[in-house]
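Per Swiss-Prot, the features are:
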type	residues	note
ACT_SITE	LYS67	active site, proton donor/acceptor
BINDING	ASP103	substrate binding site
BINDING	GLY126, SER127, GLY128, GLY129, MET130, LYS154, SER184	NADP(+) binding site
Amino acid sequence: MINKDTQLCMSLSGRPSNFGTTFHNYLYDKLGLNFIYKAFTTQDIEHAIKGVRALGIRGCAVSMPFKETCMPFLDEIHPSAQAIESVNTIVNDNGFLRAYNTDYIAIVKLIEKYHLNKNAKVIVHGSGGMAKAVVAAFKNSGFEKLKIYARNVKTGQYLAALYGYAYINSLENQQADILVNVTSIGMKGGKEEMDLAFPKAFIDNASVAFDVVAMPVETPFIRYAQARGKQTISGAAVIVLQAVEQFELYTHQRPSDELIAEAAAFARTKF
């Protein structure tokens with residue numbers, strides 16, 4: 001029951017998603033925590049952040065287009081956010097606002113969890129959205145043989161130069177052990193919902209398929225790779241792990257793997 005001691009966590013986004021709201025509130029309820037999570041939209045990020053501070057809002061998830069523009073209004077930037085100059089999580093400790101990027105944290109942890117070979121050749125397809133978090137995570141995890149393939153030449157070249165990698169505008173004569181999709185290809189409801197993020201022959205010659213598209217849980221890219229016995233890491237794993245990292249920052253509690261899976265399954269029905 002909501003009362004005077006209930007701690008509020010929130011999200012600020014141009015287009016709020018139900019996933020985070022449902023996921024966090026499910027865990028609060030199951031763990032008996034006096035928290036509530038609510039999504040908000042805003043056009044004024046400066047005053048929204050001032051509101052977070054002034055009203056004692058415990059935590060705030062930040063989505064596009066505010067991940068970079070919110071940074072001047074925060075007190076401390078964690079290395080996870082410094083690594084990509086982008087924030088997706090704010091923690092309010094008695095008026096002191098600390099900023100993190102749990103997307104970056106999640107990808108680093110998934111690289112470690114799946115024991116990805118640092119000597120492997122990697123191709124990242126895409127240069128927008130999650131691309132910076134993905135590329136920085138691979139860079140700071142010790143991967144040197146990474147190339148960025150993007151349809152947008154300008155942003156692809158910029159991202160490659162930013163982290164000291166090569167940009168390629170074609171997959172012809174290329175080969176990689178780890179394939180990472182950071183485009184919207186395969187996304188539910190998108191124009192390319194049924195498409196593969198990489199050519200079939202390319203996937204056949206790879207060892208790992210990594211997709212950041214969260215819905216559906218299994219994109220065509222992931223399904224094709226699984227059918228051929230490849231190691232796969234789904235966007236669903238990314239979105240859940242980054243949300244868990246947020247939850248722990250807000251509450252100082254880490255739910256069990258079973259409860260996390262339960263909350264994620266429930267949240268997907270509301271996505």
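The backbone N, Cα and C atoms fix where each Cβ goes, and this holds for glycine too.
For the recorded site, LYS154 (NADP(+) binding site), the DSSP three-state label reads helix.
Cα-Cα distance from GLY129 (NADP(+) binding site) to the residue listed as 'substrate binding site': 11 Å (rounded to the nearest whole number). A Cα-Cα distance of 16 Å separates GLY126 (NADP(+) binding site) from ASP103 (substrate binding site). Distance between Cα atoms for GLY128 (NADP(+) binding site) and LYS67 (active site, proton donor/acceptor): 13 Å, as a whole number. Just so you know, of the recorded positions LYS67, LYS154, the Cβ with the fewest other Cβ atoms around it within 10 Å is the one at LYS154.
Scoring each of the binding-site residues (GLY126, GLY128, GLY129) by how many neighbouring Cβ atoms lie within 10 Å, the top position goes to GLY126.
Within 10 Å of the Cβ of ASP103 (substrate binding site) there are 28 other Cβ atoms, across all protein chains. In sequence order, GLY129, GLY190, GLU192, VAL213 are the residues of the chain that are 6 or more apart from SER184 (NADP(+) binding site) and have a CB within less than 8 Å of its CB. A distance of 16 Å separates the Cα atom of SER127 (NADP(+) binding site) from that of the residue listed as 'active site, proton donor/acceptor'.
Of all the recorded positions in the list LYS67, MET130, LYS154, the shortest Cα-Cα distance to ASP103 (substrate binding site) is found for MET130.
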